[in-house]
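Features reported for this protein in Swiss-Prot:
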type	residues	note
BINDING	Cys67, Cys69, Cys82, Cys85	Zn(2+) 1 binding site
BINDING	Asp499, Asp501, Asp503	Mg(2+) binding site
BINDING	Cys867, Cys943, Cys950, Cys953	Zn(2+) 2 binding site
Amino acid sequence: MIFSQGASPLKGDFSRIKFSIASPESILAHSRGEVLKPETINYRTFKPERDGLMCEKIFGPTKDWECYCGKYKRVRYKGIICDRCGVEVTTKSVRRERMGHIALAVPVVHTWFFRSVPSKIGALLDLSTKELERIIYYEVYVVINPGEPGEKQGIKKLDRLTEEQYFQIITEFEDNQDLDDSDPAKFVAKMGGEAIHLLLRNLDLDASAVHLRTILKESSSEQKRADALKRLKVVEAFRKSYEPHRKVRKKSTGLFPEDEMPEPYIYEGNKPEYMVMEAIPVIPPELRPLVPLEGGRFATSDLNDLYRRVIIRNNRLKKLIDIRAPEVILRNEKRMLQEAVDALFDNSRKANAVKTGESNRPLKSLSDSLKGKQGRFRQNLLGKRVDYSGRSVIVVGPELKLHQCGLPKSMAIELFQPFVIRRLVERGIAKSVKSAKKLIDKKDPVVWDVLEKVIDGRPVLLNRAPTLHRLGIQAFQPTLIEGKAIQLHPLVCTAFNADFDGDQMAVHVPLSQEAQLEASLLMLSSHNLILPQSGKPVTVPSQDMVLGMYYLTKSRSGGVGEGSVFYSREDVLIAHNEERVGLHTQIFIQHTGRIDQKFDPLRVLDLVVEPGTEKHTWLKSQLEQKKLILTTVGRVIFNESVPDEIGFINRVIDKKGAKELIGRLSSEVGNVETARFLDNIKQVGFFYAMKGGLSVSLSDAIVPETKAKHIKGAQRDSTRVVKEYNRGTLTDNERYNQIVDVWQKTSNIVAEESYQILKKDRAGFNPLYMMLDSGARGSREQVRQLTGMRGLIARPQKSMSGQPGEIIENPIISNLKEGLTVLEYFISTHGARKGLSDTSLKTADAGYLTRRLHDVAQDVIVTMEDCGTTRGLLIYRNIEEETSGQIKFREKIRGRVTARDIVDTITGNVIVPAGETITDAHAELIQDTPGVEEAEIRSVLTCEAKQGICSKCYGTNLSVHKPVEIGEAVGVIAAQSIGEPGTQLTLRTFHQGGTAQGGISETETKAVNEGTVQFEDIKTVDHSAINEDGVEEDSVIVIQKNGKINLVDSDSGKVLKRYVVPHGAHLACKAGDLVRKDQVLFSSEPNSTQIIAEINGTIKFADIEKGVTYKEEVDPQTGFAQHTIINWRSKLRATETREPRLMIVDETGEVRKTYPVPIKSNLYVEDGQKVVPGDIMAKVPRNLDRSGGDITAGLPKVTELFEARIPSDPAIVTEIDGYVSFGSQRRSSKEIKVKNDFGEEKVYYVQVGKHVLANEGDEVKAGDPLTDGAVSPQDILRIQGPNAVQQYLVNEIQKVYQINAGVEINDKHLEVIVRQMLQKVRVEEPGDTEMLPGDLIDRSAFLEANESVAEKVRITERGDAPARMQDEELQKLRDITKLNRELRKNGKVMIAYEPALQGTSHPVLLGITSAALQTESVISAASFQETTKVLTDAAVAGKVDHLAGLKENVIVGKLIPAGTGLKKYKTLRLIGEPEAEAPAKEDA
């Protein structure tokens, strides 16, 4: 940004901002004078001291149009400089703009460039930070030129000398001092900033670059190359920014009237010596003000103190130099000056920071005023205060229309006062502004009439903090109300997340015509009915409204007038008003249009009208001909509000049904009709909730009589488990898990029974059941606690490791109706308190996640219609996901553009051709077509737009169900869509009161529907064993890992459900069996992984030694010994190693099979014991995370995925397809080898104690985990590539949101963020480009760099080429070809060349924090985190910010380049026929 000489900053239409290090000339050019004195204001007159830090001569007058001495007053003297006091007569606002400077007695190093990591000065001079510090702080001398004395003494340039060594050389070579400093024979050594300044000034950057590149190419030492690369990056940054004699002329800016720019704006790039300052800029005094307090004291900005310290020390140093003080004193003063300047620029970095006198806190330096939440970027530039706003408490406004809000008169008159005054004066009611104000203050009745007219058609914005997504600010048409609270429509509460328990909201008035238009068209609440995160309605009725609609549309048999037939809706309403039919009575009404019903009326007919009668026969024929419908009076009343296009809604409306209906209305009849419908059902809902008199009493909560029986059964089962444990057949861990399972099942059975009793009570009209079933309030979980039993309670724990003991195994048997005992109450307080504390702690985490998401995605804008990519994303139909309640196939493809034709493989029909948008109808059709197993869709992940993304790859805008428009800020919408539910994710445990739910380990797996069994990769053995009762039992045991059972539809052959069968499961069906629904398919041990014998033979222990690799634990209660494998490393010497394993040997003693046994395994066989296939040899306990309700696992998991962190205990993954074999054993690790058919072999070292999933000889595919643990996303990227890791991240994050919180987020939002995480590549070989190896650069920049050398060649031998062409130089191919033609013609030696090499790179997965800091925009990165580091790097490299994203434009005060702020709209010119002028009217 360029400041003109002396005038205010140019309000130029700049398109980019360049960052560079200020040269001493530019500092002086910006300055209006030197600050010589440390004083601020005179203690008596309170006027600024001349030449002080507040001087009027330098910074401008403190009063408008008045000089310091008072000689010139008034605006007529504008621009005159007073001859007495030297102050220019101008406005006092210049004190915010004009700068001064302090001329330093000695050069001082800028702390940012010295202390940054890596140190910029250190990199240029090849000095460590420690050594630099000693030079800068005057501890040692550094040799600048060794000269002849240096050569004789063996001293080289940059050697450090102590004081003694320095003086020894000086005394030895006395005549050296007589030589001129520029003489190469003179020995020169200095210390402090002056030495660094000289060294940097004498630096040859080009020579340094050549030298460092040579090291990179030729050095074999990895360390040397890494150091050289680090230095080369800094050298190259300076070289690129430093282009001598390149002047920025008028043509490029158009800002200056003269031919050339003023001298200070001629930019020649960064010179290294600019990092050492000879003058310091003094910022304008209004930015570091002195504020008078009462009692004659002043509050001052910390910067004034820091400046004062610099000036005092600088002045003292000047004096000491003048009086030729001894070197020791001078040196100390110079060091103190350096420290004072360091403190001024960055006080927080110093260990001994300068502190204030009173409160002993570190002073806020210039860096601190930029950094953090209170810094310039985030406090003043990203968040600005606004005028024309107010705030008040909100109350419900049930009579408002959806687009209205109630604004208190007292607020409205304040907000619209200027407009009211203008109208009063215009209409002649008031003579002047003053009298109009008086009328308003008196609250004259005429004022209210004028106010009504003023606000008519003027929307206001309502905002509730925290504004987590765009629906947190909406526009409303205000209606004036009495009182002091704002009235809010009940249906918009969901979007604002508002309730009426004291919430406050802010009101803002859009002033300009454009702002009002935007508010009315885009932000009006009746236009924002759909949630951008999922495309589902957000203005959904809740609580009383849902209950009222549910009550209204419910049917009851045996009511007054049941079976009556009506001709029209009017007749029904008349009959109901005359009480001839009841509200819930089943009746028949004539209707021939569209009907939405989910029951067969002919089945219900027999219950309503007696079969065999004439009426029954007639009604049956009418129903079959679809002339009549069977419905209730309430449904007729409800359908009065439903638009005719939707048809007759003939079902009970609960919350889910209402949401679906509103979604249909929105897409079929548009927003206007939907808003009208919403207002109508709001009225109906409230009215019938009141009319039904639905309230809860204690007698409505019915405890099932069978509860006692079930509890007895559970107590009996838990006693049996304890007996087994006492017999030694169970470990303590298994006992605990089984007891928890018993109580969990019992709790669920009791809950289900209490729910069924409620359902049957009063024919389904039990108020508690109605509230629950309609979705108005409460959940099954709460009913379980009220009427069943509270069940098991989670023990509050910090970690989410799922350790045994996370659930207290003694359940709370009582429910809340019966009341809890003291002990039960005490146990349950645990969870309830944890829930509340979690809420407050986790909200901050979610907020921080949202901020990082916004920062990483803020510059993703739709910039073009179609990027023309041929790539797409394959979406598969996943049976497991669909049946486990995750997002269905149709949801994933709806609203996307197809990359290829979607074809039904059975019929060969094309359902959706390539390049078309998949509509709702298409999506439903695809979901129901078994022949479509996959669809290739366009995706943000594969979009090839150079900047932003294209409309086709994004698909439809979810909030309007139309293709996304160019200019839509999809990045911010994505960040809001993920961040907003993130805050809900955190507030989860709270509502369950800490009860433990979920986590029942199912031992039996049953068929979800009937079908034919199909085995996939299943290997079994037959096994017979004697059970507890002494009876022999035969079973089929699965010995293959990851086998599957598919349940296939017998008719269509479509896979209905896929089950993964665990190792060691007992099969209860055979391949080809036809199974019924709920038939058991297999049973398995959920709490442990089993190691099972696969062949006959005898057990032989290998490396299983008592006290070394296993311990014998005798259970004190049972007396049985349990053998557990332990971590043996601590028991052995460093050279020894062990690998506990079980071997099966045959009669000859030959080993037939080996099984490694991991740490913590429990052995179930003895050495020498005979085994048959299917025998359990050992069990590895599995930790179960049973505290399903606690989200603590959810948010950190999402953060871990977005930050692309390597999991704490990652799985080892194979990089190639092949077969597994085990290699040698080391002390702390063992070898696993994977070898493929081509002879390629990879060796992996697995830590001892880690459970190996693969067995000897197993076939594995690249990317398969060999050991247990989470797979690292970095491994997926390395082995399977960017597409695989992108889909992995999207799917994993989706799982957390769906399973933990049931939150629906459309995939495209996650794709936008994940795309940003993979925008960078790391350069491997730079080829002949200007890139450096190891550089992290944008993918598009990498492609550009390669394109720049695509048409070029490298000269290998120059032949008789002109002198300007050298070997190894790059030239354009066509130039060389042309030149060679001429050389050949003249019989000269031609130029030999080879094609220029392009760079190579590999993709890099960055976490969102790193990605946000690595953004191309300097301003955006600086305002996010690590402000000083970002600015330092940008200044050194002379970076240019092209202002492409939203954040940087907000900061510089421009319109954001999204929506109507797009550049293409700014340059629009209307080209059309000039309108014919209207003929002038003739005088009558």
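Backbone N, Cα and C define each Cβ position, glycine as well.
Of all Cβ atoms in the protein chains displayed, 20 besides its own lie within 10 Å of the Cβ of Cys82 (Zn(2+) 1 binding site). Those residues of the chain, other than Asp499, Asp501, Asp503, with a C-beta within 8 angstroms of the mean position of the Mg(2+) site C-beta atoms are Ile394, Ala498, Phe500, Gly502.
Counted within 10 Å of its Cβ, the other Cβ atoms near Asp501 (Mg(2+) binding site) come to 6, all protein chains included.
Ranking the binding-site residues Cys82, Cys85, Cys943, Cys950 by the distance of their Cα atoms from the Cα of Asp499 (Mg(2+) binding site) places Cys950 first.
Long-range Cβ proximity for Cys85 (Zn(2+) 1 binding site), meaning a same-chain Cβ under 8 A and a gap of 6 or more residues, is found for Arg50, Glu56, Lys57, Cys67, Tyr68, Cys69, Lys71. Taking the mean position of the Cβ atoms of Cys67, Cys69, Cys82, Cys85 as the Zn(2+) 1 site, the remaining residues of that chain whose Cβ falls within 8 Å of it are Glu56, Tyr68, Gly70, Lys71, Tyr72, Asp83, Arg84, Gly86, Val87. Between the CA atoms of Cys82 (Zn(2+) 1 binding site) and Asp503 (Mg(2+) binding site) there is a gap of 58 Å. Of all the binding-site residues listed (Asp499, Asp503), Asp499 has the fewest other CB atoms within 10 A of its CB. Separating the Cα atoms of Cys953 (Zn(2+) 2 binding site) and Asp503 (Mg(2+) binding site) is a whole-number distance of 41 Å. Counting in whole angstrom, Cys950 (Zn(2+) 2 binding site) lies 40 from Asp503 (Mg(2+) binding site) by their C-alpha atoms. In the structure as shown, the Cβ atom of Cys943 (Zn(2+) 2 binding site) sits within 10 Å of 24 other Cβ atoms. Taking the mean position of the Cβ atoms of Cys867, Cys943, Cys950, Cys953 as the Zn(2+) 2 site, the remaining residues of that chain whose Cβ falls within 8 Å of it are Met864, Asp866, Thr869, Arg938, Val940, Thr942, Glu944, Ala945, Ile949, Ser951, Lys952, Tyr954. For Cys67 (Zn(2+) 1 binding site), the Cβ neighbour count at a 10 Å cut-off comes to 24, with all displayed protein chains included. Spacing of Asp501 (Mg(2+) binding site) relative to Cys867 (Zn(2+) 2 binding site) is 50 Å (Cα to Cα, whole number). The two recorded residues, Cys867 (Zn(2+) 2 binding site) and Asp503 (Mg(2+) binding site), have Cα atoms 46 Å apart. Taking the Cα atom of each, Asp503 (Mg(2+) binding site) and Cys943 (Zn(2+) 2 binding site) are about 43 angstrom apart. The 10 Å shell around the Cβ of Cys950 (Zn(2+) 2 binding site) contains 22 further Cβ atoms across the protein chains shown. Taking each of the binding-site residues Cys69, Cys867, Cys953 in turn and counting other Cβ atoms within 10 Å of its Cβ gives the largest count for Cys953.
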